[in-house]
Amino acid sequence: MLFSGYTLLRDPHFNKGLAFTEDERDAHYLRGLLPPSVIPQETQVKKMIQHVRQYQVPLQKYMAMMDLQERNERLFYKLLIDHVEELLPVVYTPTVGEACQKYGSIFMHPQGLYISLKEKGKIREVLRNWPEKNIQVIVVTDGERILGLGDLGCQGMGIPVGKLSLYTALGGVRPSACLPITIDVGTNNEKLLNDELYIGLKQRRATGQEYAELMHEFMTAVKQTYGEKVLIQFEDFANHNAFNLLEKYRSTHLVFNDDIQGTASVVLAGLVASLKLVGGNLADHRFLFLGAGEAGTGIAELIALETSKQTNAPLEEVRKNIWLVDSKGLIVSSRKDSLQHFKKPWAHEHEPVKNLLDAVNKIKPTVLIGTSGQGRTFTKEVIEAMASINKRPIILSLSNPTSQSECTAEEAYKWSQGRAIFASGSPFPPVEYEGKVFVPGQANNAYIFPGFGLGLIMSGTIRVHDDLLLAASEALAAQVSQENFDKGLIYPPFTNIRKISAHIAANVAAKAYELGLATRLPQPKDLVKFAESCMYTPAYRSYR
């Protein structure tokens, strides 16, 4: 519905600012409400990027972007798409982490839906309060484990809001089809509980049956309200809840956990691409992880699935090439009784090993992957050990934000004498070492989830199967060009992200059709073209 006059200028979905034409100004009672100049969207983008660049502090850039999103949605997405490499770290990691920490004090307009314990028994009514009815993707968090920053309670809303802006900018899902949700069951963060500006429930986290009942009511209400095909993406839940929710609902709902499955898919893509630089197949490599939580075990399992698919070897056999180190040392079979269930498949026969350096020297991995959330844990000794074992060690330091990264790009290249193939979770600038410039890749989930989600939506897929994640990884790895490899990159540049997302969506959809999970029939002939035709573009529409 199109309003007119003053109300139209206050509606972010329809406002075009100075881009309203003379005719539109007459037709919609805008005369006098705008300065006389008429400026096209391209010029507005130029003006806005200059405005954002004038801020030195990333959080101020973030606030300028959020402010634009509240005023003029299409301009926000046009700006984000046109300057994706520059603005991705602003609207998402690492800046979004700081935004969540300070969400109470920078909180301007409520975005998304807040469902707290107060709404128990009324969740369907709460969903009805949201103005959009045709929802295709929900990103939901309970704020317990935001990036590497811990429990931020209700302030975790910055994550679903940021993720969904990427669903639109990078995957072309319409903004009106996206719904960010925060489930507030309290927080165990003392600082927030004592902060008068804290916007959430001031009580300790609900657990056990109370938590499970609220989540179950939520999952049921979502399906009743939006139907079988709505994608529910779990984001930044604590380990135990993340695994339980995925396990509990994967057979009844279209659910996806980005921390477990998205991370795994993007890392697998980087590994498949890096084989072009180091040679061999996945089966020829040995993997060592620091960190055995959602990300670590998720990546390990997907590597095992892909290796098993390539070699026809049983999964149990393939897992033996993959080793994990947690806070107590190497995960080995003698520790099996005390391990959480998701770590048990990785407990192999080996004597106990206390620290990472010893594990590197004993296991002799070709690939070292950090998912520990602990900064600076890939020490000089660890990287030198990797470099002495391998001609080209693959080192992935994946923890976010930048302060939690296991090592910096510079450390990885210098300590390995420029031989490491390196990628990280947060962005690092290029590094010059002995006259050569190395461009570190970013194993960013934003490569995968927007295209993955688009593939599910456009094919009407009703369940997520692991093979769909493998299809996404393979599509991403195939997008890395020789020119990228020459710079040491194992991921393509983000500048082409919409094209990459279309290819990922097409590959995921093709696999869904093959497995009989897709409901949109008949299958479109050219899935890449179909994906591109489904993508939202933020160009202004003309109003009559």
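Positions of Cβ are set from backbone N, Cα and C atoms, glycine also.
Look at TrEMBL and you will find 69-250 tagged as domain 'Malic enzyme N-terminal'. Annotation comment: TrEMBL describes TYR92 as active site, proton donor. The annotation (S)-malate binding site is assigned in TrEMBL to ARG145, ASN400, ASN444. Under the heading active site, proton acceptor, TrEMBL lists LYS163. The divalent metal cation binding site annotation in TrEMBL covers GLU235, ASP236, ASP259. Summarising the annotation, TrEMBL assigns domain 'Malic enzyme NAD-binding' to 260-513.
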Revision key, fill the gap. The recorded positions listed are LYS163, GLU235, ASP236, ASP259, ASN400; by CA-CA distance, the one closest to TYR92 (active site, proton donor) is LYS163
Revision key, fill the gap. As a whole number of Å, the Cα atom of ASN444 ((S)-malate binding site) is distant from the Cα atom of ASP236 (divalent metal cation binding site) by 15
Point to revise | Env. residues of divalent metal cation site, Cβ within 8 Å of mean position of GLU235, ASP236, ASP259 Cβ | key: THR141, ARG145, ILE146, ILE159, PHE234, PHE237, ALA242, ASN257, ASP258, GLU294
Practice item. Look at each of the binding-site residues, ARG145, GLU235, and point out the one with the fewest other Cβ atoms around it within 10 Å. Key: ARG145
Review point. Which whole-number value in Å describes the distance between the Cα atoms of the residue listed as 'active site, proton acceptor' and ASN400 ((S)-malate binding site)?
Key: 15
**Study point:** Rounded inter-Cα distance in Å - ASP259 (divalent metal cation binding site), ARG145 ((S)-malate binding site)
**Key:** 10
Revision key, fill the gap. Spacing of the two Cα atoms, ASN400 ((S)-malate binding site) and GLU235 (divalent metal cation binding site), in whole angstrom, works out to 14
**Study point:** Under 8 Å by Cβ from ASP236 (divalent metal cation binding site), same chain, sequence gap 6 or more
**Key:** THR141, ASP142, GLY143, GLU144, ARG145, ILE146, LEU147, GLY156, ILE159, ASP259
Exercise for review: For each of the binding-site residues (ASN400, ASN444), count the other CB atoms lying within 10 A of its CB, then report the residue with the highest count.
Suggested key: ASN444
Check your understanding: Tell me, how many other CB atoms lie within 10 A of the CB of ASP259 (divalent metal cation binding site), whichever protein chain they belong to?
Key -> 23
